[in-house]
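Working notes, beginning with the structure itself.
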Amino acid sequence: MDVENGEGQVQVHLKTKQEHYAVPDVPYAIDGTVTTAELNTFVNTLLQQKDGSPVDFDFLVFDEYLRGRLCDHLREKAISFEDAIEIEYVERFPAPEPQDCLLHDDWVSAVKANGKWILTGCYDNTLNIWTNKGKHILTISGHTAPIKAVDWISLDEESGRFVSSSQDQTAMLWQWNVGSNTAECVSVCKGHERGVDSVSVSPDGQRFATGSWDTMLKVWSAELDDAGEGTSKRMKESGVRTPKMTLQGHRESISAVQWMDASTLLTGSWDHTLKVWDLSLEGIKTEISTNKSIFDASYSNLNRLIVTASADKNLRLYDARTNQGSVVRNTYLGHNAWVQAVMWSTTEEFLFVSGAYDNQNKLWDCRSPKAPLYDLLGHGEKVLDIDWTNPKYIVSGGADNSVRVFKSRKAVVESMDTK
C-alpha cells in the first residue's frame, strides 16, 4: 500500500502532558488519511469519559498542529512513514466569547486593560476609562492631537496612574482618583520632535519608554516627584518632564516598544528592524533584520519569543537569543490586509492575538502557522490596537469607533476554580 498517498496505516504513539487525559502508552495503527476530527473521535473512544461528554483536542505532530491529513503533514515535514510517529494531544483552548461593544466618538487607537478597568485612547484626543462590564466611567481631555498608545503604571482600589502618548509629540502622566472619579495630568513629557506612537511601562512601574516618528527611543521616570535630569525649576513648576535617557539607532519611526525585563527594551520600527536595547550600557544588544516595516511587536516572558505584525498581511516569530536573529522561526498566514497590532497572552505560553486592517482579530497558537485557532469578529472597520493583559479579556479598538471585548472562557473558569 502507498502510505504516502494516504493508503494504508501509520504506527503512532499518543502522548499528552495532561495526565487525566492519558491513554495507554502502546502503538496504535491508524489510517494515514486521518485528520484532527478522526483523531478526536479515536482518543475520546479510548478515554471513555465518565460523564459521556467528548473533549476537543488539538494534535501536535513534530511541534506543529495537524491542520490536514496526517500523511500530508508527514510528507511536508519529510518524515519517514516507516517510523512510529509520536502525536501529542492537548485540550483545545476554548473560543473566546464576544461580551461587549464600547462605543466612542472617534477612532479608538489605543487600549489597555487592568483588573476591572479598560483604558482607551482616541483620535478625538481624549482618553476614556470603562469597566470591563461595559460601563463608561470618565472622559479625559489634555492631548491636542490623536492618542496613539496608553499603558497603566499602577492601580489599586483608591487610585490609578497611567501614561498616554500622542501625535502632539508628548506623553502625559495621569493620576486618577477612583473615589471622586477625577483625573489630573501630573506631567507633560516633552523631548520628541514628532508624534509618539508607542509607550511601555517598566515591570517595576518606576520608568516608561516611548518610541516616536523622530526615530528616537526615550526613557522617562514614572515617579510622581521626578521630573528628569536637567529639568529647570520653571519647567518643573509647570509640570514639564524631560527624558532620563535618549537612545538613537533606528532610521525610521519606532512603532513598538516593550520592556523585556528591568534593564532591557525591545523596539520595532518601520526601518524593517527589531532592536533589543541594554539600558545599563545605553546601547543596542541585538538587532534583527526583517523584510517588512514592523507595525507592532510583542515579547513573551513565558517563551522568550517575539512576534511581529507587518505590512504584508503576515505575522512572524523570532528568537532574539540566537545568533541567527534574522531567521524567521515561523510565519503565520490568515489576515487579508496589513496587520496593525499583536500581543502575546500573559498566561498562555503558546497563544497570541492580532488585529488587522481586514477588520478582524485572530487568536493564534504559535505552533499552528497555517491557520489561527479562532477569528474574533465584530469590528466594522480596521483594527488599530489589541490587548490581552488581563487574561480574562481580549480587548481591541478600531476605526469603527468601538472597543470590542471578548471573554476568555478558560481564564474565567480557572479563576472560579481557584476561589
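Keep in mind that glycine also has a Cβ here, set from the backbone N, Cα and C atoms.
Taken straight from Swiss-Prot:
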| type | residues | note |
| --- | --- | --- |
| REGION | 10-91 | region 'Ubiquitin-like (UBL) domain' |
| REPEAT | 103-141 | repeat 'WD 1' |
| REPEAT | 142-184 | repeat 'WD 2' |
| REPEAT | 191-230 | repeat 'WD 3' |
| REPEAT | 249-287 | repeat 'WD 4' |
| REPEAT | 289-328 | repeat 'WD 5' |
| REPEAT | 334-374 | repeat 'WD 6' |
| REPEAT | 378-416 | repeat 'WD 7' |
For this session: List the helix, strand and coil residue totals of the repeat 'WD 5' (289-328) as derived from DSSP.
Result: 0 helix, 16 strand, 24 coil
For this session: Would you mind listing the long-range same-chain contacts of the repeat 'WD 7' (378-416), meaning Cβ under 8 Å and 6+ residues beyond its ends?
Result: 93-115, 118, 120, 130, 132, 134, 149, 337, 340-348, 352-361, 363
Seminar exercise, completed: Residues outside the repeat 'WD 1' (103-141) whose C-beta sits under 8 Å from one of its C-beta atoms, at least 6 past its ends, are 147-152, 155, 160, 162, 164, 166, 168, 174, 176, 181-183, 384-387, 389-390, 392-393, 395-399, 401-403, 405
Seminar exercise, completed: The DSSP breakdown of the repeat 'WD 2' (142-184) into helix, strand and coil residues is 0 helix, 28 strand, 15 coil
